[in-house]
Every structure is written in C-alpha cells, then in structure tokens.
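According to TrEMBL, the Zn(2+) 1 binding site annotation covers A:433, A:436, A:471, A:474. Annotation source TrEMBL lists Zn(2+) 2 binding site at A:442, A:445, A:459, A:462. Positions annotated as compositional bias 'Pro residues' by TrEMBL: A:170-180, A:648-667. What TrEMBL lists as domain 'Primosomal protein N' 3' DNA-binding' is A:52-158.
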DNA sequence: AGCACGCCGACT
DNA sequence: GTCGGCGTGCTC
C-alpha cells in the first residue's frame, strides 16, 4: 500500500490536519479528532461500514485515536461517523454523519483517501469476531450470489450480546479417540472415509444414506474422527429436529463438551454464546441449521451437510445463499492459495439431488453408497397403485383409499404404526378436469384455478372467484380431487379404522416420535415423526398432487419426500411395506420402487444438460416492474455467452393474499427474466448483475424502479 | 438511504 | 440580489 515517497501514517495525518486547518474555519473542524493524539503505529483503520440498505461494498479509512490503539484490532466491531456532509457543524457542535456500525478489517500505515480522515468513534467490543477466514468466506459468498458483503456479514456474524461476551470461555477439551466405524461398515468405503478423516486427510464424498435412523450416529462418527485428527468439524442440518438427533448422537459418542449447537430458536443470548464458544476455539465442532454454514470453526477439518434437498438449507435473507454451495466453497481452495488446507466434505442424504449427482459426475466428490443388496434388504418393499383404482370396501372408499392401500394399512396395523403421508393443503397444483385432465383455467384471465379452501374456487392470477366452472375441453363439471389436508384425512381414516388411534403431525404441530404400537400417523411431508422400531407400513397418498406442480424440480422433490417417509419404515426383511398412490409408469415412482435415488438424479442431470438448465448452467432471475426488468437487461453488460430467457409475466399476487418472497406486491404486474451462462461463467454473470444493480440503485429516487436479482432461483418451471 | 451542493426561475 | 426548487453525487 505505502510507497517509499509517501509520508508515514502519523506524518500524513498531521499533514491532513494542517490542510484542514487552513482549508476550513476553525469552528468547522471535526470535533472528534481536533487535537486528539492518533495511534503511532498503523494509524489508519480500514472499516467495513454496515449502513442498512446501502450497498457499500468497500472499506472506508478512519484514523485510529491513540486511546483506541490497543483495542482497534482487525475483526472488531466499531462505530464510526458516516454520511454526507464534510465535517459541517450541526446543532452547534456535532460532526456530520451519524454513528453507524462497522467492522474493522485491517490496520494500515497510510490511506489513499485525499480528504481528512475522521476518527473511529468507538470500539464496540475487543472481540475480533470477523476473522480473516470468515471475511474471505463472506467475500466469496457475496461474489457467488451477486450480493453485498454487508448482507452476507449480517448472516455470518450473529448480533452481539454483551453478557454472553463477558463470560470467559473454557479451554477446549482434549480430542476424543478415533471412533470405531460402527454402522459405516455397511458401506464399502465407509471405514476408509472415517480413517482418512482421523489421519487428517480431506476426502470429499456424496453419501447415499441407507434408510433408517443410523445416519445421526454415522455423522457423529465422522465428526469424532475429524476431532481425533486435531481438527474441527461443522455439520449443517435442515431443521431443529434433525439437529437435535445429531446432538444426541454426538453426545452419546464423545460426551457433551466437544460441540456447540447453533440454532436460531435458542434465542439471541444463547445463540451468541454458542457462536462465541466456536469462534474462541472453546469447542472444536459445531452443528446446526443453515446459519451455522458460516460457523467460524477453528482448523476446520470437515464440512458436512445432511439432506441437501431440503428447502430449509436455502437462506431466505439476501443474497439467499444455499448451505450446500457455501460448504462447497469452504471445502474448495484454489490451487496455490494461501492459508490452511481445505477441509473434507461430506454430503449425506437418503435421496440424491441433481446438484449432488453433479459433484460426483464432475469428479469433485466420490460416491459413498451401500451395495445394492444391502440397500434392498434395508429398504421397505414399495408397491404402487394408480390413483384411478377405487376400493370395493365402502369404508376404504370413504377414506379415499385404493384397495391395495387399504389392505396394506390393515395388515401393517397388526404389526405396528402405519404412516400416512398427505401433501400439504395449499400445496395443491393446478386443478384439472376430473374427466379429461384439462387444466382448469380462469374465464377472466386464463390463470390457473386454485381451491384455497373446500368451498371456494379462485384464480391464482387475478383472484376472481369462480362459481360455475365447466371444462373448456369436454364440458365436464367436476374437478379432480383437490388435496385434502392432514386433519380431514385423519378424521376419515379414524372412521375407517375405528379401533386404532390416529395421530397427526403437520405444520402447526410436529410430532418428534411415536411409540411402536399400532396407530395411524397422518403427516405432511417433512413432518413425519420417527416411529419406535420403525413403521410397519406407509401410505403415500395423492402422489399426483406432488408431481403435477409446474416446477423443474417437482419430480425430484416428490421422490425426495417419498424416500424421506419410506426411510422411516422397517426394511422389507422385517415386513416393512410402502404403497405409493401414483401412476406406476412415472420415473420418480419407478425410482422409489427400485430405491434408486442416484440413478434418478443422474438421469435428471442428463436432461438438464441437454436443456442447458441448472446445475449444468448457472442461472439468475431478474424480476420487477416490466419496464424496469427490460431496462435493467439492456443496461447490464452481461457476458457474451449469457442467454436471456423471457421476460415473462409473473403471476399476480391476488389482493389480500400474503406476498410471496421475491414476488410482486399484491395487485402489481411483474415480469421475470432468466439469465443463464454455461458453468464457469457464474462469477462473471454475478459480477455483471451486481454492477448493473449498483448502477440502478445509485439512480434510485429519480423514478428509477428497482429490480430483484436472485442467483440460483429455486422455482424455475 | 440521507444529505449537501448546485444551477435555474420568482420573489422582496 | 437572494430564496428555494429538486436533480446529482458522495459518504473516510
């Protein structure tokens, strides 16, 4: 930074002071540093200013007062005066600009800034929360997602809590011994993977987990093996329930003192306390939900992710990074880069996302899967039944069960609990004619008709209520069965099986576990309780509803949800049976029957490659008022290989309906364009979009409407 | 985002 | 002359 012919920092500051004295009337001198002594060594602080909506992605230089010299170390939280007004006097004596929070990133000898430097107003706390490694990661994530560094830091560094900070952190416990392989023996490469972790190596694997509850213990062993090598470990899980299971397994294996649990529901104080324990190195392992993806684990030796297909891994705050992508960044170090060696990587899931398949296909990670016959023995028997079949038994008909499902439930209840998975209400796809399957459209605007409740029929675009629908194609008057919620399904099943207790688990009330006795357990996807000893059977109802969603990921998602439920059922050796009510010829249905999630993901990956869809390309969505989207695309200096799809109108949020994240405000017509580039051009695309948006933000106010930019949009149909 | 600066028209 | 409109640009 400094060159030989420049004055040293202290001299430069003195010069600046002189200049200012001459240039401005004495009363206008910024009060903060008038006559104040500055730090002698490295008197300039580079500060990353955290100013709300403003996207200031650069540091600003401040002078370090002598009395803050000791505390003003890189990484600490500071407060500085920031804002327009060149030191003008307001209210008699105040310096221009308000106090804003920031991070001190670096101490340097000189500043390139030509004007007078303001002084650091305050070192909020001496805790250097923004370590160089965390700053580097945050910069990478901001770059990957076309977001601002300030936004990412807000996700990566939890809010300070003074009481939690005041408490001293203990020294870390001695590392545990390397664990036995345990259930990893079921995978040919399992024990070797564990041994490599224990030796301090950094293997990368995509692990197709066998059905059953052992995954938590297996993840715990991977953590323990990494700890045994003297390194730290990080595991990100999709929700609090799975985090609690790993917490219990890890505590069983290595005791309570080796890891911290980072979850949002712990409350701000506990959350910051746990985060600090990780940051200070008082614990070497961290587990938790998506915010933990940034956890500043010391000497990171392993990053692991459980169930990367779960939507819980997608951060919903800007720039909406995905835990899998962030952990891939953490496990990747460019050749020749400085710093510690990259950690090992473990992505575990019962199913297989297209992105996970790509990590293997591209050679970045190795597959870690059980032999075919092991999988077959441990997975339940899966049978399919088309949804046109209707049961003979009147009780089954009343419960809308095909006879095979009815028989399976009756048989299963003799041996234990039976799980019934029903799609969430409101998850309903477009309604269709019951006779010819023509989608039901609004007579007003041709939008898709929806059934917000059992009584009404409304348009998903314009919100108009339809009272007398008839099929445009065949004149039919009946709509295809709308999705019935978990509660009503439970009532109907209760009448069909009067002697059996019925329990429900859904969004409002999620059951964690159920006992091993006969019971019907009705659950929405993702809320399935674990049954003691495993379910005897499972019925996966209304498969058509999961498959009919107009989304690129509908099939993958349906398979993931079915596998998630089926993995809680006893293996077919123990009589476990699953019935999926869906068209048997469909690909995800067949993948479930064969229990072949990887094959399904690979096939899907091939199709995405043919169609140049993610993850084989990198995509970004630009949405906003139509004129703004068009202008934005015209202004943006996109890379030459970029391809623009659309823009197309987005569905209008009907008045009174809550606004979807990233969607238009109620009643407003928005457009959305997709921009895609071949893999490898992602960084250039993100840079171009970020620059274009920054330019637009600068012109805001003058009637320049803003657009939303989202990298890796989750819903592309 | 704020907030000041600046360059044009109507007023005391 | 000078007050103030908001369009433009900067914030260490």
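Every residue gets a Cβ built from N, Cα and C, even glycine.
TrEMBL: automatically predicted annotations, no manual curation.
Structural mapping of features recorded in TrEMBL.
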residue	record	DSSP class
A:433	Zn(2+) 1 binding site	strand
A:442	Zn(2+) 2 binding site	coil
A:459	Zn(2+) 2 binding site	strand
A:471	Zn(2+) 1 binding site	coil
Around the C-beta of residue A:471 (Zn(2+) 1 binding site), how many further C-beta atoms are within 10 angstroms, looking at every protein chain?
20
Which one of these binding-site residues, A:433, A:442, A:459, A:474, has the sparsest Cβ neighbourhood, judged by other Cβ atoms within 10 angstroms?
A:474
What's the CA-CA gap between residue A:459 (Zn(2+) 2 binding site) and residue A:433 (Zn(2+) 1 binding site) in angstrom, rounded?
15
Considering every residue in the domain 'Primosomal protein N' 3' DNA-binding' (A:52-158), what is the mean pLDDT value?
85
Roughly how many Å lie between the Cα atoms of residue A:471 (Zn(2+) 1 binding site) and residue A:442 (Zn(2+) 2 binding site), rounded to a whole value?
11
How many whole Å apart are the CA atoms of residue A:442 (Zn(2+) 2 binding site) and residue A:474 (Zn(2+) 1 binding site)?
16
